[in-house]
Every structure is written in structure tokens, then in C-alpha cells.
Amino acid sequence: MMMENGLSMEGYGENYMEQEEEWEREGLLDPAWEKQQKKTFTAWCNSHLRKAGTGIENIEDDFRNGLKLMLLLEVISGETLPKPDRGKMRFHKIANVNKALDFIASKGVHLVSIGAEEIVDGNLKMTLGMIWTIILRFAIQDISVEEMTAKEGLLLWCQRKTAPYKNVNVQNFHLSFKDGLAFCALIHRHRPDLIDYSKLSKDNPLENLNTAFDVAEKYLDIPRMLDPDDLINTPKPDERAIMTYVSCYYHAFQGAQQAETAANRICKVLKVNQENERLMEEYERLASDLLEWIRRTMPWLNSRQADNSLAGVQKKLEEYRTYRRKHKPPRVEQKAKLETNFNTLQTKLRLSNRPAYLPTEGKTVADISNAWKGLELSEKAFEEWLLAETMRLERLEHLAQKFKIKADAHEDWTRGKEEMLQSQDYRQCKLNELKALKKKHEAFESDLAAHQDRVEQIAAIAQELNSLEYHDCVSVNARCQRICDQWDRLGALTQRRRTSLDEAERILEKIDILHLEFAKRAAPFNNWLDGTREDLVDMFIVHTMEEIQGLIQAHDQFKATLGEADKEFNLIVNLVREVESIVKQYQIPGGLENPYTNITANDMTRKWSDVRQLVPQRDQTLANELRKQQNNEMLRRQFAEKANIVGPWIERQMDAVTAIGMGLQGSLEDQLHRLKEYEQAVYAYKPNIEELEKIHQAVQESMIFENRYTNYTMETLRVGWEQLLTSINRNINEVENQILTRDSKGISQDQLNEFRSSFNHFDKNRTGRLTPEEFKSCLVSLGYSIGKDRQGEMDFQRILAVVDPNSTGYVHFDAFLDFMTRESTDTDTAEQVIDSFRILAADKPYILPDELRRELPPDQAEYCIQRMPPYKGPNAVPGALDYMSFSTALYGETDL
């Protein structure tokens with residue numbers, strides 16, 4: 001180090017005389033320096049000799065016999081020198097001085113050009129050089145600030161202490177102290193009660209110097225070692241004299257320095273604690289918010305109430321899709337962030353030697369995981385219910401429409417039948433007319449019996465609607481009841497009219513054969529036409545290609561029978577034509593009226609025409625449904641094709657992330673880099689999931705409930721996607737925590753790889769955890785000594801209690817890594833914090849609020865005051881605080 005005037009500090013003190021001579025040759029030696037050194041060194045020696053009840057007046061004379069020199073060394077070193085020679089001869093004096101010089105040399109000081117003869121002869125320069133050597137060794141050498149040399153350390157100490165003060169800029173030990181403000185600033189920094197610095201001026205150096213020297217002598221027990229006039233009038237004061245005097249300030253304030261160090265340690269500990277508390281509060285807030293959202297969402301997912309209509313259930317299904325697309329994804333991210341924050345907090349607690357964080361009851365990671373699993377189960381059940389309800393209500397709507405069509409057809413058929421059955425027209429008929437009426441009635445009975453099946457179908461459909469809880473069961477039941485009641489009345493009226501006709505049958509014998517034949521053939525054919533018309537307009541619902549192909553095949557089979565039906569139709573129409581021919585030929589009054597049936601050739605012709613028109617319409621309806629099912633088949637294939645790509649991709653990414661999480665694939669930074677690359681790749685792949693969701697929505701809207709082309713469902717892919725994101729986030733967090741552990745604990749990458757390799761070797765099933773026996777084998781493989789005797793087992797159980805405090809029966813890698821590194825780390829402890837508080841409290845067993853506010857930053861002082869319990873020990877004073885229990889509580893060693 002070079003001073004501003006170019007004087008070298010190398011070997012400072014050891015070559016004192018040579019340096020003096022060199023400075024004198026170069027014209028750098030100021031004659032006033034010797035005077036300043038003599039005064040300062042004399043005062044410094046007396047500050048120590050007075051402890052032995054003596055002193056010196058003339059530094060070059062009073063050390064000549066070596067007695068006071070040996071006494072001075074004994075006082076400042078605390079050691080005993082060899083017994084001095086008491087004689088007054090010159091050789092006695094030289095022997096004593098040599099004993100002193102030998103003692104100095106024994107302390108590692110190499111004296112150059114300083115001999116006992118010069119000291120005995122009263123050589124002032126030699127004597128000053130020797131005293132400077134003693135000062136440098138016993139007063140300055142041990143001063144160390146940030147591993148600098150003694151002079152650099154003392155200078156840096158002065159700079160730091162005076163930095164906040166106006167008009168003070170300490171750059172050296174000569175000019176920087178001439179105006180006295182630096183001395184006053186050092187005193188005010190440590191004892192502001194002794195000097196009012198605000199009243200001092202740079203323009204009054206003499207007043208400043210006298211103020212500092214007087215206060216130091218009176219209150220700090222530092223004697224005057226410098227002359228203010230000499231300092232002011234000398235262009236460059238002697239730095240050795242100033243260093244000697246400043247070193248006394250350093251030692252006087254050493255206790256305050258210890259207090260500052262203690263305060264810094266406490267601040268560091270409290271800052272860690274405050275940050276941990278902030279993380280705990282954030283965890284509690286996030287956990288409460290997520291659990292509250294789950295609590296609010298569960299009743300909606302568990303609700304099975306609907307308006308029992310297809311539109312209402314489809315609305316609920318759309319609401320559920322909105323929930324899956326918009327509302328749940330942010331909560332998935334929140335859950336991952338919560339787990340990441342929790343793991344980071346636990347790592348910080350371990351690294352700061354704090355107890356593990358136990359969340360509020362009901363808010364643990366396990367509680368959140370269980371609540372999340374419950375949410376997913378409710379989601380699955382809710383979606384299944386919605387789809388089942390959609391199928392049920394679609395069938396209900398189909399049945400209700402079918403009921404209406406059949407009921408409409410039946411009511412059309414029964415319209416006017418009651419009035420006809422109650423008619424007394426047979427009383428005025430002729431015999432042939434009466435017989436015709438009877439045959440007509442017989443035909444009606446046949447027709448009535450044929451309609452029995454339709455009534456039963458209507459009743460069965462109504463019963464099924466009731467069992468399926470159709471929303472408009474009241475009107476269905478009312479209509480069904482009216483039809484059944486009317487059917488019963490028709491039966492009774494039919495039986496009554498038959499009885500009446502049977503009574504008149506004795507009179508009415510003649511039967512019109514042709515009309516009878518027509519009636520016999522027309523009735524079943526007419527019923528066949530009615531049934532066929534109903535079948536051709538009958539509604540149907542199918543879900544597979546096989547079902548629609550079955551309907552098409554049945555329809556084709558029906559069309560194959562139309563040829564025979566056409567022959568029957570022509571035969572029946574020919575009967576009517578034959579009747580018309582006879583009536584026309586014989587002019588039979590009323591002969592065209594068929595007394596046996598209300599069915600006319602025109603009715604049958606119209607119905608047969610309707611049937612022939614309905615057949616191609618049915619062809620078109622079936623073809624449309626076939627196209628719909630073909631489209632559904634295409635949607636199945638589209639979903640399967642995409643799912644069969646996305647599903648294995650998710651599984652491959654999961655395997656790759658798990659492999660990285662097992663370690664031994666490069667450094668932790670490499671693993672973190674690859675994991676973040678996977679994270680980016682996964683987020684970049686998200687459009688494939690969204691595309692699949694769109695296809696899945698189209699599948700659901702098309703009422704497709706099974707897919708034989710893939711084993712993947714949208715639900716399993718969603719869960720796999722969320723698990724992949726969670727796994728990546730968890731592994732990133734674990735690697736970051738391992739980096740934090742590695743850097744905080746000071747372990748190398750090779751050590752970390754060794755720990756990971758050994759752990760993976762015994763983790764046979766790749767579960768990320770070891771059983772106790774596997775853990776013991778792993779420790780042994782790493783060179784950890786565990787005896788096979790009873791003591792060894794007890795030692796192992798103690799270790800197991802550390803790495804598995806909850807007795808889960810497993811050891812995870814983070815706990816294993818923490819155990820393998822914690823013994824060699826230098827972490828703060830409760831005892832260190834207690835020692836620091838004891839320094840601030842001046843060795844008292846308690847500390848006062850004012851002391852905390854004086855020594856600590858305001859926020860941390862108030863933090864301690866609010867949390868420290870009152871001191872209840874002996875000699876307690878009002879306001880005394882118990883810093884011991886507070887310190888142990890920081891590390892979880894009490895219940896405070």
C-alpha cells in the first residue's frame with residue numbers, strides 16, 4: 001500500500017531506522033514528526049505503565065536501564081518476562097534491554113537496525129523505533145477488518161464510522177485528522193451524549209481538537225497523546241503518532257463494535273424469520289382461498305337437481321364445460337403454486353435451522369390434496385350424471401312424442417264411436433239392413449279388438465313416462481286416463497249393441513255375400529294399413545351404425561312384402577267393383593252401401609296411396625339417420641386418432657420428467673434447464689388439448705357415449721395433462737430447492753451427484769423415497785458408520801427420527817440430502833442469537849426496549865418488542881424483556 005506522499009508501508013516498523021534514513025535522504029522527513037512521536041509514544045506508554053503504578057517522563061532516558069521497558073511489555077502482554085538484572089552497570093542495562101528485545105522477537109517481530117546498546121545510550125530515534133514496533137505489534141496488529149492489513153483495517157474502520165458525518169472524509173492518517181472533526185465524529189458515533197456534533201465547524205480546528213482530546217481523556221480514559229497546535233501547524237502530521245492515538249479509540253470502542261456485530265447477527269436472524277412468516281401467511285391465504293373455492297364449488301357439482309327437461313340439462317352441461325375451460329385452469333395453477341411455495345418455505349426453514357412449518361389445521365398439503373381429489377371425483381360423477389340425464393330425458397322426449405302420436409291416432413279413430421254404438425238405427429232397418437248392421441257391428445268388434453293393442457301401448461308408454469319421472473306426467477296421465485275410460489265405455493257399449501243386434505237377428509237373416517266378403521277382407525287389410533302407416537311414421541332413436549343398419553334391413557324386408565299387399569288390395573277393390581256392377585245391373589236400392597263395414601274402397605285407396613308415399617319418405621329418414629351415424633363414426637375416429645397421439649405423448653413427457661427428477665443427468669442447472677424446456681414444450685402442446693376438447697364437445701353434442709377406437713377418454717387425458725403440469729412444476733421446484741440447498745450448504749456438484757446416485761440405487765421402485773432398511777443401506781454405502789450392535793440401532797433410530805419426523809415409514813430425497821449436509825454447515829443457532837442479545841444487553845439476563853431501539857433498525861426493534869415476553873427473573877426492572885426464551889422460540893425449542 002502506498003500513502004499519498006509515496007511512503008511505502010511494506011515492513012512498516014521492522015526497518016524503522018532504514019526507513020527514517022531513506023526519508024531523510026529524499027527530503028521527506030519532517031523534523032516535527034520526531035517531536036510528535038515522542039509526545040504521543042510517551043503518553044501511550046504511560047497509559048499502560050500507570051496500571052503498574054509508575055510512568056515515564058523522558059522516553060529516551062527512562063527506558064535506558066531496561067526495567068520499565070520490561071515492565072511495559074509485561075503490562076501490555078499479560079505475560080511474565082525473565083527476572084531483570086538489578087545491577088547498575090552498563091552490561092546489566094544491556095542485558096535487561098536484550099531481554100525485552102528478545103521477548104518482542106518471540107512475538108514474531110523481526111527487528112532491523114535496533115540494538116540494545118543504542119537504547120542504553122539514549123538514542124532517541126532507536127528508542128522511538130522500538131516503541132513504534134511495540135505499539136504496532138500489541139495495539140495495532142490485531143486490528144482486522146475484512147481480512148485487511150492492520151493499517152488498512154484501522155483506516156477502513158475510521159471511514160465506516162465517520163461516513164455519515166458532514167465535512168469528514170478520512171483518506172489517511174495525517175491530513176484527514178488535522179481539523180479535529182474526524183476525532184469528534186468517532187466519539188459522537190459511539191457516545192452521542194458526549195459531543196454535540198451539530199455545533200462543530202470545520203473552520204475551528206483548534207477548538208475541535210481540544211474538544212475531542214478533553215472528552216476522550218475525561219470520559220473514555222484515553223490520555224492526550226497529541227498536541228493540537230502541533231497538528232495544526234505541521235503541514236503533514238506524523239501518521240505513526242496519529243495511528244497510535246486512533247488505535248486507542250478503536251480499543252475503547254471495541255465493546256460497541258461487539259454490540260454492532262451482535263446487532264447485525266440479530267438483524268440477519270430476524271430478517272430470515274420475518275421472510276418465513278410472510279411465506280407462511282401467503283401459504284395460509286392461498287390455501288384458504290383454494291379450499292374456499294373448492295367448498296363453494298362442491299355443492300354445485302354434487303347437486304342433482306334439474307327441471308327434468310332436456311333443454312335444462314343441456315344448459316347445465318354447457319355450464320360444466322365453461323367451468324372446465326375457464327374456471328378450473330387458474331385453480332390448477334394456484335394449486336401448483338401453493339405446493340411450490342410450501343416446498344420452498346420448508347427448504348428455507350431447514351436451511352435457516354428453523355423447525356418445519358405446520359400449516360393451520362385443515363390447510364395442510366395433504367388436506368388440499370384430499371379436497372382436490374374430492375373435487376375431481378365430484379366432477380367425474382357430475383359429468384356422468386349430466387350425460388345419463390341427457391340420455392334419459394332424450395328418451396323421455398321421444399316417448400312423450402310417441403305417446404302423443406299414438407294418442408292422436410286413437411282419438412281420431414274413436415271420434416263418433418260412442419254416438420254410433422248408442423244409435424237405435426237398427427230398429428227401422430229392413431232384414432237385410434239389420435243383418436248388415438249386425439255384420440257391421442261384428443266388423444267393428446273386430447276393429448275394436450285390433451285397437452286393443454294400441455291402447456295397451458299408450459298405457460305402457462304412459463307408465464314408462466311415469467317411471468322415468470317425465471316433467472309433464474300430469475297431462476300424460478290425464479290423457480291416458482281419458483283414453484282408458486273411453487275404451488271401457490266403448491267396450492260396454494259394444495257389448496250392449498251386440499246384445500240388441502242378437503235379439504233382432506232372428507228376423508234379419510239375409511246377408512249380402514259380396515259386402516260380407518269385402519268386410520272380412522277389408523277389415524284386416526285396413527288394420528294392416530293403419531299399422532303400417534304408424535310404423536312408417538314411427539319415431540326412432542339410435543346411437544350406433546349397427547342399430548340404424550338393423551332398421552334399414554327391417555324396412556327393406558317390409559318393402560319386399562308390398563307385392564303381396566298390392567295383390568290383396570286389388571282383390572278387395574275388385575269385390576267393390578263387382579258389387580257396383582251388380583247394383584248397376586239390377587238397380588238395387590241402397591245396394592252400394594255396405595251394411596257390414598264403414599270401410600270404403602276410397603278409404604283403402606287413400607290409405608294405400610299414403611303407404612306408398614310414406615315408403616320413400618321412410619327411406620329418406622333412414623338415409624338421413626345413416627348419414628348422421630356415419631358422421632358420428634367419423635367423430636369417433638377423429639377423437640380416437642387425436643387421442644391416440646396425445647395420450648402417448650403425455651405419457652412420454654411424464655416418463656421423461658420423472659427420469660430428470662431422478663437426477664444423475666448433468667448438473668442441477670442442466671436438469672433445471674431441461675425441465676423448463678419440457679415446461680415450454682408442454683405449454684406449446686396445449687393447442688392439441690384444446691383441439692381435442694373441441695372434438696370431444698362435438699362428440700358429446702352428437703350424443704356419442706362410447707368409442708371402440710381408443711382406450712383414452714377426455715377425462716383421463718385432462719387428468720394426465722394436469723398431472724404432467726403438476727409434475728413439471730413439482731420437479732422444477734425440487735431442483736431449485738436442491739440448488740438452494742447445495743449453495744447454502746456449500747456442497748459440490750460431485751457430492752450432490754454421489755448422494756443422488758446412492759439414493760437412486762436403493763430406490764428400486766423409483767418411488768422417490770426409501771424404506772428405513774433401504775435408507776440404512778444407503779448411508780452405509782456413503783461411508784456412514786452404523787454399528788450392528790444395540791448402540792448402532794439406537795443411533796440409527798435417532799437419525800431416522802430426524803429424516804422422518806412424522807414416522808411415515810419413508811425417507812424422501814430432500815430430507816436425505818438435508819441430513820447428509822447439515823452436519824458440515826455453519827448455521828446460526830439459538831445459542832448464537834442469545835449471545836448476541838447478551839452483548840446488546842451488557843451481560844444482563846434481560847434487555848430493555850430502549851436498548852433494542854438504539855441497537856436495531858426500527859422495524860426489527862419493534863418486531864422483537866412485540867414478541868418478547870416480559871422477563872420474570874430476579875432483579876427484573878419495569879419493561880424488562882426475556883430475550884432468551886424469545887431466541888429459543890425462533891428455533892422451535894419452546895412453545896412460545
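Cβ from N, Cα, C; glycine included.
Positions annotated as domain 'Calponin-homology (CH)' by TrEMBL: 35-139 (among others).
As a summary of secondary structure, the domain 'Calponin-homology (CH)' (148-254) carries 65 helix, 0 strand, 42 coil according to DSSP. Residues annotated as domain 'Calponin-homology (CH)' in TrEMBL: 148-254 (among others).
Model confidence over the coiled coil (269-296) stands at 89, taken as the mean pLDDT rounded to a whole number. As annotated by TrEMBL, coiled coil applies to 269-296 (among others).
The coiled coil feature in TrEMBL is assigned to 427-454 (among others).
The domain 'EF-hand' feature in TrEMBL is assigned to 750-785 (among others). Packing against the domain 'EF-hand' (750-785) from elsewhere in the chain are residues 658, 661-664, 668, 738, 742, 796, 799-800, 803-804, 809-813, 816-817, 820-821: each is 6 or more residues past its ends and has a CB under 8 Å from a CB in it.
What TrEMBL records for 791-826 (among others) is domain 'EF-hand'. Secondary structure by DSSP for the domain 'EF-hand' (791-826): 23 helix, 2 strand, 11 coil.
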Exercise. Which residue counts does DSSP yield for the domain 'EF-hand' (750-785) in the helix, strand and coil classes, in that order?
Worked result: 23 helix, 2 strand, 11 coil
For this session: For the domain 'EF-hand' (791-826), could you work out the same-chain residues 6 or more beyond its ends whose Cβ comes under 8 Å from its Cβ atoms?
Result: 343, 346-347, 350, 356, 734, 737-738, 741, 744-747, 751-752, 755-756, 759, 768-772, 775-776, 778-779, 782
Exercise. For the domain 'Calponin-homology (CH)' (35-139), what are the DSSP-based totals of helix, strand and coil residues?
Worked result: 71 helix, 0 strand, 34 coil
Problem set entry | Same-chain residues near the coiled coil (269-296), Cβ under 8 Å, at least 6 residues beyond its ends | 331, 334-335, 337-338, 341-342, 344-345, 348-349, 352, 354, 357, 359-360, 362-363, 367-368, 371-372, 374-375, 828, 833, 856, 860, 863-864, 890
